[in-house]
Amino acid sequence: MQIKAQDTGQQKKSCLLSNIRNKWKNRNRGSFRQWVGKLSNGLMIPIAVLPIAGIFLGVGDAIAGNAGDLTGLRYFGLFIKNGGDVVFANLPILFAIAIAITFSQDAGVAGFSAFVFWAAMNGFMSSLILPFDKAGKIITDTSTPIAGFKVLYNKSVPVHAIATTLGLRTLSTSVFGGIIVGALTSVLYKKFYAIRLPDVIGFFSGTRFVPIICFVVAIPVALILLMIWPAVSIGLNAIGTGLGFLGGKGYGANSLIFGYIERSLIPFGVHHAFYAPLWYTSAGGSLQEIVNQQVWIRPDFHLSDNYVARVIGWVDPNNSSMYIIPGALNGQNGSSTGNTMSKDLNGALSAYMSKESTAFLTWKDLVDGLTFKGNFDKMAENGLLDGSNKIWLGLNGSGILGKKLLLSDGNVYTITFKTFANTTPIAWSKGAQAVLPLNASSTIVNNPTALAAATQSNNNTNNIKLYPVNSFRVAVESLNPAQYSQGKFPFMLFGIPAAGVAMILAAPKDRRKEAASIVGSAAFTSFLTGITEPFEFTFLFLAPWLFYGVHAVLAAVSFWLMNILGANVGQTFSGSFIDFILYGALPDGRRWLANSYLVPIIGLFLAAIYFPTFYFLIKHFNLATPGRGGKLITKKEYLASKAAAKAEGVSGVAENFTQTQIEAGILLQAYGGKENIVELGACITKLRVTVKNPELVKEEPIKELGAAGVMRTTPTFFVAVFGTRAAVYKSAMQDIIQGKVNWEALQKVINTDQLAVEPKETTPPKEVMPVVQDEIVILSPVNGTLKSLNQVPDETFKQKLVGEGVAIVPSDGHFKAPGEAGVKTELAFPGGHAYIFDIDGIKVMLHIGIDTVQINAKKQPGEPLEVFDIKTKQGEYTKEKSESVVEVDLKKLSKKYNPITPFVVMKESLENFKLVPIRQRGEIKVGQPIFKLVYKKSQA
């Protein structure tokens, strides 16, 4: 018995240790994926603004580049272009702010603190980054060519590792720096936003302390980055170069691999975090080298011959040798420093052979000679020299595309996207080919033989070195602009719609109309906007193998074919028809060789695979796609049932809540109640919810609200695909959790609605309109006497320029919110004299007294106010009826100002509602109905 007891004890001990080990192993299980998902969500905030910025960048450049002698038109184009430029130039800052806000529960002060952090960090770093020249001497002027930088103990940091931000020379941390700053800011915010400091410095307590601590922490972060980031930057550049060579010499293998991984990450919502480094950093390629003053067009003048312009030269067809010959471009002299090129070929060659000559020795000089001088410098300042997509946009707006070089055989070479793409075949036209002065002798320009003779003669006397053809390469052999994004166009514009047609035709004939209404809209969304999730999730949950084994593979093939066949079609957001026109068709219309014609060719090829493959697999495996399985409950059907319930008189008090609030409440119940919610998040199409107890989650109500699918990526992390409604639901659910909406009352409405009896057997309406409140009652905000607006000594209110309503002469200074619970303080003027409230979408203004804006006009932020003691905050919602808004010292106010208080419904709210007075004269008590708004359509 004793032995058994010991064995039992050992077993218990072993079991206990095993449990501890298992808990330790699983302590962070899934947390990293959740973090990456949240990061991906944050990245989408700045990415969302890139389409409009890209449009301005492209359109502005098109106007400026074709303005000719019309100075006004040119400046108008630059005006538009620069607006787009500045967004891309400050992309790292935007990422920092977005990440900080995302990880801090949408706290605005976190975004402000992130900007302080970013600015301070780069300011600290700039003082320790010192440029040096070829001799290794520190440069103190702006004209000496920069050979590199000294950063702390690192004595030779390459130029591409340094960038310009906020006008400061700093490390090229790009979006990685923004993510680092945003993440650190969110950590500091969560730790210090509620800090209480001693009373003597109490002003700096709470959220005011967050930007202060961010400023201080920026010091060690700056020093750490100065120590390690140059090596990281060099590593990223090497990755970009390596991936680029894999594309150029590996037959597009990089884009094939990228395409599959990018699609495969869609269900987890982390694909944004995957592609962002390749789109926006040097990991996706770099133009830094060819615009750096140290990269000479002539190889023996510099360390590397990897970045030689392949069109700047002459080929001897007899021995396959080539000479580098500089010359004037587009009628300009061939010197960036004012030296005039010789008018004859021999003079040009002689000038070039002198190492002291500056006549188009570098790519930067070449580009400056072809464009408005400094355009590539501007690209560098705006951060458009790194990242596959940013480079494409930079070139598109640089002014270099479309410029022409006069070749010695009489032909003209036009610089296009192909000049900078490693998929461009390395081939030279037969005969001589060189850049020459436009005023060179016509005998030489049009006579390759004479050119060869002159060159050979010059070679004999000046010892000109010959280079074999294969030593001269494309502009950047490791770069292909837009290679990590353009592959989306064929499968989004053609492949997915073809799969959609297959789904519709695979449904029984009597249900094809139903299938078309669901699948057709999702496929059209993919075509028009490039948002594919609504379609992809219709079959992802039914047959994951169809997604990963067919769709993701074909997407990868799309990327691969676009790359190896030589397309360079840009985009800012996704592979939509809109982006195709703006960044494919329009550049091709300007003959910039984006080769957008490949999109329909490859797209039709993929469609021919998508359609039969999806049709056969759906039929063969009897997949329950729309129209084939149980009837899908759409959002329209759900709203119709609610309308029927209301017709039976069941919905009762539903008018107190908006439709979005009701649906958000249903979602909260489906996720186990608001107490079960740990964290909420949303991207463009997906609602992300982390819960405490996953057993409480019910997926059916979520699907009934229109979710294309619900996926659990970790035991407690759920993703529901709602399309563009995801962010709306997230905000509404957040409001309920934070107490901005009466949860108990909302639950009663939801539970009552769900008790709705079966609708009568009558013909249902053809179209069910969203539930709109027929009447909204506005309550008096204060005790007092009602007056007409005509009696207000202010023409703005008297003439009803702001809106319609009444005036109140207050009898006390206790001002309340003019409605039941849920009134939002849309705007609270800093001086305390005026407020705008939002009552179920109706905007109501309360202006206490006349000219009272003067009372606190000279007060600085943080100083105590006179007369007004504000009890609400901008953006807050009331939790009960007639909640206190502001306490007013009415006696003090009345000494200098007229206390009559205009209370009006603003004009914007009167477009769909008619104001009906309930009380117009006499005494009124706070909380009593003062007027109501009647929905105009309900009167028809």
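Cβ atoms here come from the backbone N, Cα and C positions, even for glycine.
Features as listed in Swiss-Prot:
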TRANSMEM  43-63  transmembrane segment
TRANSMEM  83-103  transmembrane segment
TRANSMEM  112-132  transmembrane segment
TRANSMEM  175-195  transmembrane segment
TRANSMEM  209-229  transmembrane segment
REGION    285-478  region 'Unknown'
TRANSMEM  487-507  transmembrane segment
TRANSMEM  515-535  transmembrane segment
TRANSMEM  537-557  transmembrane segment
TRANSMEM  564-584  transmembrane segment
TRANSMEM  598-618  transmembrane segment
ACT_SITE  C683  active site, phosphocysteine intermediate
DOMAIN    794-907  domain 'PTS EIIA type-1'
Item checked: Non-local residues, at least 6 beyond the ends, that sit with Cβ under 8 Å of the transmembrane segment (43-63) -> 73-74, 76-85, 87-88, 91, 94-95, 97-99, 101-102, 272-273, 276, 393, 396-399, 570, 572-573, 578-579, 582-583, 586-587, 590, 683-684
Check: Mind checking which residues reach the transmembrane segment (209-229)? Cβ under 8 Å, same chain, six or more beyond either end.
Finding: 109-110, 112-114, 116-117, 120-122, 124-125, 128-129, 151-153, 161, 171, 173, 177, 180-181, 184-185, 188-189, 192-193, 195, 197
Check: Under an 8 Å Cβ to Cβ limit, what residues of the same chain, 6 or more beyond the ends of the transmembrane segment (83-103), are close to it?
Finding: 38-39, 41-43, 45-46, 49-50, 52-58, 60, 110-111, 113-115, 117-118, 165-166, 173-175, 177-179, 181-183, 185-186, 189, 280, 378, 381-384, 390, 393-394, 397, 681
Note to self: With a cut-off of 8 Å between Cβ atoms, can you find at least three pairs linking the transmembrane segment (487-507) to the transmembrane segment (175-195)? Only pairs 6 or more residues apart in sequence count.
What the structure shows: no
Notebook entry, point to check: Can you name the far-off residues of the same chain, 6+ from the ends of the transmembrane segment (175-195), with a Cβ under 8 Å from a Cβ of it?
Noted result: 39, 42, 91-100, 102-104, 107, 109-110, 113-114, 117-118, 121, 205-207, 209-210, 213-214, 217, 221, 225, 232, 276-277, 280-281
Notebook entry, point to check: List, by number or range, the same-chain residues at least 6 past the transmembrane segment (537-557) whose CB is under 8 A from its CB atoms?
Noted result: 256-260, 262-264, 267, 487-488, 491, 495, 499, 503, 518-519, 522, 606, 609-610, 613-614, 617, 621, 623-626, 629, 708-711, 721
Margin query: Could you give me three numbers for the domain 'PTS EIIA type-1' (794-907), the DSSP helix, strand and coil residue counts?
Written below: 15 helix, 43 strand, 56 coil
Note to self: Taking only the residues in the domain 'PTS EIIA type-1' (794-907), give me the average pLDDT of this model.
What the structure shows: 85
